[in-house]
């Protein structure tokens, strides 16, 4: 009669040992005479991986023993035959999961079945507690085993992350966590219908807390603490049932152990962590916004139930009217901002699909489309909505309404997730950039400054070189998704009046949404004087002081940067002059070529043998190759005969990407009827979120010290390659 179970168990054990032997190749040979250091190292690594896997298996076995002992003790005390049936059925299902995993190699199906029943059995143990429970040996052993299981699970998660055995897959909630929450929800059906519905809502709140932690939201730790306190002190007492706190702590502790450690160990970027949401289909993203709006309205309806409490009418009714109106306005702005975010995200995903072959990431596309400024605006609105939810929940708190508390615990992590998304995107994304290029074909001059009369074939070569420079600059703008104001190619020279009108229009350029660009790039390749001034038609010239005056006139108080790239003979003089700029001149940088000249260069040009000379356009080609992924690790590997020098103003290191200055800064992102509401909601939340979490005095002191350090570093120890924050660098030879 026992042959079939014995046969089944023996085959399961044999399959398990075979898998373990396959997972540790070379371990036996590692100690042999001809093992070698490489095989020994591989065997040690495989042995360590198996040991870590054993630790996780030990945590699950400990939990299984704890559940079995606890349910058996509960059956002995209550004589409830249903508990015994569920207990035996649970063991059979777990045995089936082991068979699927180790005998039929269906690890995914077996693991899913095991997680589902672990959640179900642990939910039974937690929710079907009795008030007259006697602390006997079995109950005490169950408690110790549950605590041991949580400790082993936490230790396993820590060791697995320290050793680097976890696979970093972007997801909000894993399948195992969803199945355990589903099993816990199914176990709640043993309770009364209202209590069951509240527990199901609580399970949804747990899943959102896990997603909040895994996305490394800024408010996730605070939200987790609030969830634990409200659940333990208020939610379960409101249900009117006796629960097992050890089983509940074990269930929640095992679920949040991994995501809590991922706050430190997860190395994924913001767009990588949010990839499942950001790259979701357009229709699903729109449905998620509607689902969020429905959840918010459900919470508002539950809050209105507090009006029936006549004992506190003098607090509840005025508070609900005032904070309800504030809540409604903030959440209308929240839904509008989320809808506008998805509209902009759809445009970014379309551009990302077209540019994926060129190696551009989604974060670069979002930065070029002005998503950073929008996220800073939306961050304020979401923060205001989160604060209004907290205020409305505090005023309309219902200590005996478990549904209200469960809905409140769902809303908090939802809005915390949105705040974390906009907050992190506003920090990590780069700013917008616009560029203008002016190219004038140049030729060598005689020692007295007069242009040389060149043969026709050299004129053609000169035009080909200038045209190539034009295409190179256009490639640079396209690669870094710089909005192009224009690329002018002029062979007859420009007047100062025309250039002034052109540059003033360029400096007035704004994004499609209204704000100014963060960085303006001005490229020039043409004739210059020995002082670096641009040589224009009619004997006129453009001085650096004149250019900066035009820039200051158009940029005004807006903190924008101007980067001037010069590929001409005396451009290095401007790079030296710009280092002396200070005070209100702004954030200015000059990247210039160093063109080496020899006494025989004129003869070399006439004979078309300029191999030893660095011609205009050579620096541009090499600098663009360096900044567009030409494969060189440093500028020295790429520069060849083209020298480079850069200079920045003294305040360059103080620059920070622009933040919205006032409440009306981001109203252009929203429909016209909602703009007054958005402005009011933005004013209601906070003036500045940049210093959130820091003491004011300490933050100012640290900022001053940091600015002084950056200025000294750029002044005396400038780096060989200075990152601009837009994907390209300024270099010096």
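All positions are counted from 1 along the displayed chain.
Using the three backbone atoms N, Cα and C, a Cβ is placed for every residue, glycine included.
TrEMBL annotations: computationally assigned, not manually curated.
Residues annotated as transmembrane segment in TrEMBL: 54-75, 82-105, 111-129, 179-211, 218-240, 246-266, 287-307, 313-341, 381-400, 406-422.
Between the transmembrane segment (313-341) and the stretches 54-75, 111-129, 287-307, it is 287-307 that has the most C-beta pairs under 8 angstroms. Here the transmembrane segment (54-75) sits against the transmembrane segment (246-266); at least 3 CB pairs are under 8 Å, leaving out pairs fewer than 6 apart in sequence. Pairs of Cβ atoms less than 8 Å apart link the transmembrane segment (218-240) most often to 406-422, out of 111-129, 179-211, 246-266, 287-307, 406-422. Long-range contacts of the transmembrane segment (111-129) within its own chain (CB-CB distance under 8 A, at least 6 residues past either end) are made by residues 60, 63-64, 67, 70-71, 74, 83, 86-87, 90, 93-94, 96-98, 100-101, 142, 175-176, 179-188, 190-191, 199, 241-244, 247-248, 250-251.
Proximity of distant same-chain residues to the transmembrane segment (246-266), defined by a Cβ-Cβ separation under 8 Å and at least 6 residues beyond the stretch ends, is recorded for 59, 63, 66, 70, 119, 122-123, 125-126, 129, 142-143, 146-147, 149-150, 153-154, 157-158, 161-162, 166, 168, 177, 180-181, 184, 206, 209-210, 213-214, 216, 220-221, 224, 228, 236, 273.
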